[in-house]
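Here's the structure we're looking at; comments come further down.
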Amino acid sequence: MTHARSVSGRLPGGEAAVTVHYTDEAIVAVDTAPTESPESLPLLTAGLIDLQVNGYAGLDINSAYVSAETVAELSDRLARIGVTSWAPTVITADEARILHALHQIDLARSTDPLVRAAVPMVHVEGPFISDRDGARGVHDPASIRPLDADEVERWAAHGPIGLVTVSPHTDDAPDHIARIRALGIEVAIGHTHASPEQIRRAVDAGARYSTHLGNGIPPMLPRHPNPIWTQLADDRLTTGIIADGHHLPAEVLEVMLRAKTPARAFLVSDLTAIGGLAPGRYETPVGGQVELEESGRLSYVGTEMLAGAASTLVDGVRTVATGTTFSLADAVGLATTVPGSIVAGRRPGLGRLSIGSPPDLVLWEADGDNLGESVTVVQSGRMVS
Ligand SMILES: [Zn+2]
């Protein structure tokens, strides 16, 4: 047991001063005291949890050259902006390349306890998705293949796979989904052209998540029924949402959150390696030339097509808090308590400011209930910034 330390701030929407005492292992006490001027206090939240990260700041999980050092450095860079837990997201590639990425992530986790704590699981998005344009997004059609629980079982020998995103558009999808669930791995529906009936069957078989609902789907759909309505209406599905202000129009974000909040929606960044870099043009290994605008919008040069996300989870929290009817407290919950509950089996109490929870804490600059930059980040009890 290490000596207890503490941080003090104000909870989003709160009026009192809250002091959280923690050791390297856990939060050990939470004190609340009245204060004369709560607005002068920084905002205090649990560390943010991003369950879909492909890269950041020039570091790329899906590069053929990804190493354990890449993973560790990514973990550190994310912690410095307040994202203290994250799921490296390995996308569609041939099996050898997926296994290489999983092996490097596993190596980083086994050599560095901080990375092990920060990375409770891996998300594999693809390769069992739709190969149709629109539905596949930027995933390489040459590596997209039929849903195969045997391959997932081979991956699972190389690290803590927590979530696999699949398209359930084939008749045998429910069988494979049930087999993946039997491995202790959750299944998300995404990058799909499946029919509402195929989606219902996938959920009956055990799929419990939707991956970035409203994106990774054909641009033209029947008005109803369609797979978005089916997933929005089914309370068995908890959905990831990219709230960067570019992937979903504000009113779509509003309605999705109304259908799924408070417990069945969580924010993801879907960050790529270009996130965190200066605005400008970049060459990407899969997609050719892309342009990053000041606003964080990332698109293929000369087109309106989005080329992935470049805004952080913190930006997503701000988008929800300022661009919808939901409060900052709600927005923070979508990036802490909900994703924390998804990984609770691997890291109990994550995303909560409760006694016994992991000591991941962030103090933020505050202008009323607007979230500024992080000023203090504690990860696994260590001050990282
Ligand atoms: Zn995707």
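Cβ coordinates come from backbone N, Cα and C, glycine included.
Keep in mind that this is a model prediction, so the values were computed, not measured.
Lifted from TrEMBL, the feature list:
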- ASP270: active site, proton donor/acceptor (ACT_SITE)
- GLU125, HIS191, HIS212: Zn(2+) binding site (BINDING)
- VAL138, ASN215, GLY216, ARG223, HIS247, LEU306, ALA307, GLY308: substrate binding site (BINDING)
- 44-371: domain 'Amidohydrolase-related' (DOMAIN)
> Which residue, out of the binding-site residues VAL138, ALA307, shows the minimum number of other Cβ atoms inside 10 Å of its Cβ in this structure?
Replying inline: VAL138
>> Given a 10 Å Cβ-Cβ cut-off, pick out the one of the binding-site residues GLY216, GLY308 that has the most other Cβ atoms nearby.
In response: GLY216
>> Can you tell me which of these binding-site residues sit near ligand 1, meaning the Cβ is under 6 Å from at least one of its atoms: ASN215, HIS247, LEU306, ALA307, GLY308?
In response: none
> Roughly how many angstrom lie between the C-alpha atoms of HIS191 (Zn(2+) binding site) and VAL138 (substrate binding site)?
Replying inline: 10
>> I want to verify one value. Collapsing DSSP to three states, which class is LEU306 (substrate binding site)?
In response: strand
> Which one is it: of the binding-site residues VAL138, ARG223, HIS247, LEU306, whose Cα lies the shortest distance from the Cα of HIS212 (Zn(2+) binding site)?
Replying inline: HIS247
>> Just to confirm my parser: what is the rounded mean pLDDT across the domain 'Amidohydrolase-related' (44-371)?
In response: 95
>> Out of HIS191, HIS212, HIS247, which of these binding-site residues shows the lowest number of other CB atoms within 10 Å of its CB?
In response: HIS247
> Once the DSSP letters are reduced so that anything not helix or strand counts as coil, what is VAL138 (substrate binding site)?
Replying inline: coil
> Between GLY308 (substrate binding site) and GLU125 (Zn(2+) binding site), what is the CA-CA distance rounded to a whole number of Å?
Replying inline: 14
> Cα of GLY216 (substrate binding site) to Cα of GLU125 (Zn(2+) binding site): how many Å, rounded?
Replying inline: 11
>> On the three-state reduction of DSSP, what should I expect for GLY216 (substrate binding site)?
In response: coil
>> For the C-alpha pair, I'd like the distance in angstrom between ALA307 (substrate binding site) and the residue listed as 'active site, proton donor/acceptor', rounded off.
In response: 11
